[in-house]
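Feature annotations, courtesy of TrEMBL:
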type	residues	note
ACT_SITE	CYS114	active site
ACT_SITE	HIS259	active site
ACT_SITE	ASN289	active site
DOMAIN	108-189	domain 'Beta-ketoacyl-[acyl-carrier-protein] synthase III N-terminal'
DOMAIN	243-332	domain 'Beta-ketoacyl-[acyl-carrier-protein] synthase III C-terminal'
REGION	260-264	region 'ACP-binding'
Amino acid sequence: MKKSRITGVGHYVPDQIITNEYLSTIIDTNNEWIIERTGIEERRWFTPGKDTVTSMSLAASTLAIKRAGIANKDIDFIVFATITPDYFVPGNGVLLQRELGIQGVPALDVRNACSGFIYALSVADQFIKTGMYKTILVVGAEIQSSALDKSDAGRSSAVIFADGAGAAILQAVDQDQPGILSSHLHADGDFAEELYLKDPGSSREVRLSPEIVDNPSFKMYMNGNTVFKHAVVRFNEVILEALEANGKNKAEIDLLVPHQANLRISNYIQQKMGLPDEKVFNNIMKLGNTTAGTIPIALSEAWEQGRLKEGDLVCLAAFGSGFTWASALLTW
Ligand code: UT7
C-alpha cells in the first residue's frame, strides 16, 4: 500500500489589509479588546471585482504545484475545502479545475468549515492509499468577509474572520518515505447552530427574499463562548489521539499547526502540550481566521520560513462549525 506525502504547499492572501483601527470605525470595538481577546492585529479581506475564491485558490495552487515540481496535468484529483464557494452550485473544485486547464479531472468539495482542510487531506490520503490516485491537489480557501455581520451585534465574529487560500500537493510515495501517518475526524451535530450561517437555506418556500436578506440569518452567527469552551477540550483530545495512534509523545512534535481560531486557543493548547514557542505555528496575528484556509496557509508560510524540515513530526489540528474537529500527524 502507498503512503501520501505533502510535496508542495502554496498560499495567497488578498492585499487589502483590515486593521483593528479600521474596524473600530465601522463597529463598536477597539484595538485593545481585539488583541487581548483574539491576538489579531490585522487581517486580509478580499477586493470585490478582483479576488474570488477561485482566483485566490488558483494562485495558491499554482505555487504549490511549482514547489512540488509537477505540472497541472499531473494532478488526478482535486479536493477543495470551502464553505464560501463562488457559486451556490456547482462547488469550487470544478471552477479551480477549469482554471488549471485540466478538464476531466474529478473535483470534490468538502464543507467542513474550520476542519475542512484536515477532512479534505484525510479524504485525499485515503484515495492515495487505495491506489486510485497518485497526485492530489488539496485546497482550503474562503471569502468570509462578505458573510460577516458588520454591525455591533456581530462584532465578536466580524473581528475574527478573514479571507485567504492555501493549497497542498499530496503524492503517493513508498511506505519508508515521510508522509501522513494518520488522520482523525470527529463531528457532533448537536452543536450545529452554535456556529452557523442559516440562509439561504433550502427548506423554506422562497430561498431568498428581501426579509431574509435584511435578516441576521443571512450572516455568520457564532456563540463564541460555547465554541471556545468546546474548542479547547477537543483540540487537546484530538491531538493526543493522533499521538497515541502512532506511539508518539507530545515532546516528539516538531511543529504543531493548529487551526487559527483565536490566539488564546492556540496558546492554551501549546501550554497543555508543553511545547516551546518555536514548535507551534501561529499567523492569526496578521491573517485572522480564514476558516478552511488557515492550515494550508500556515503550512505554506512555515515552509517559506524554514520551519518545516524533512522528517519533522508535524501535527495539524482543527475545530469549528458542526461542531467538527480533526487532526493529522505526518512526517514532513
Ligand atoms: O474558527 C472556528 C471556531 N471559532 C472559534 O474557535 C472562536 C471561539 N471563540 C472566541 O474566539 C471568543 O469567544 C470570541 C473572540 C469570539 C469572543 O471573546 P470572549 O472573550 O469569549 O468574549 P465574550 O463573547 O465573552 O464577550 C465579552 C465582552 C462582552 O461584553 P459584556 O457583556 O461583558 O459587556 C461582549 O459584548 O466583550 C464584548 N465584545 C466585544 N467588545 C469589543 C464582544 N466582541 C467584542 C468586540 N469588541 N469585537
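Cβ coordinates come from backbone N, Cα and C, glycine included.
Note that the structure is a prediction, hence the values are computed from the model and not measured.
The two recorded residues HIS259 (active site) and CYS114 (active site) have their Cα atoms spaced 7 Å from each other.
Neighbours of HIS259 (active site), defined as other CB atoms within 10 A of its CB across all chains, total 32. Same-chain neighbours of the region 'ACP-binding' (260-264): 37-40, 114, 160, 227-228, 231, 282-285, 287-290, 294, 298, 319-320, counting only residues six or more beyond its ends whose CB sits under 8 Å from a CB of the stretch. In the three-state DSSP assignment, the secondary structure recorded for HIS259 (active site) is coil. Broken down by DSSP into helix, strand and coil, the domain 'Beta-ketoacyl-[acyl-carrier-protein] synthase III C-terminal' (243-332) contains 38 helix, 22 strand, 30 coil.
If you take the C-beta of CYS114 (active site) and look for same-chain residues 6 or more apart in sequence within under 8 angstroms, you find HIS259, ALA261, ASN289, THR291, ALA292, THR294, ALA318, PHE319, GLY320, SER321, THR324. Per DSSP, the domain 'Beta-ketoacyl-[acyl-carrier-protein] synthase III N-terminal' (108-189) is made up of 28 helix, 30 strand, 24 coil.
Cβ neighbour count for ASN289 (active site): 24 (other Cβ atoms within 10 Å of its Cβ, all protein chains included).
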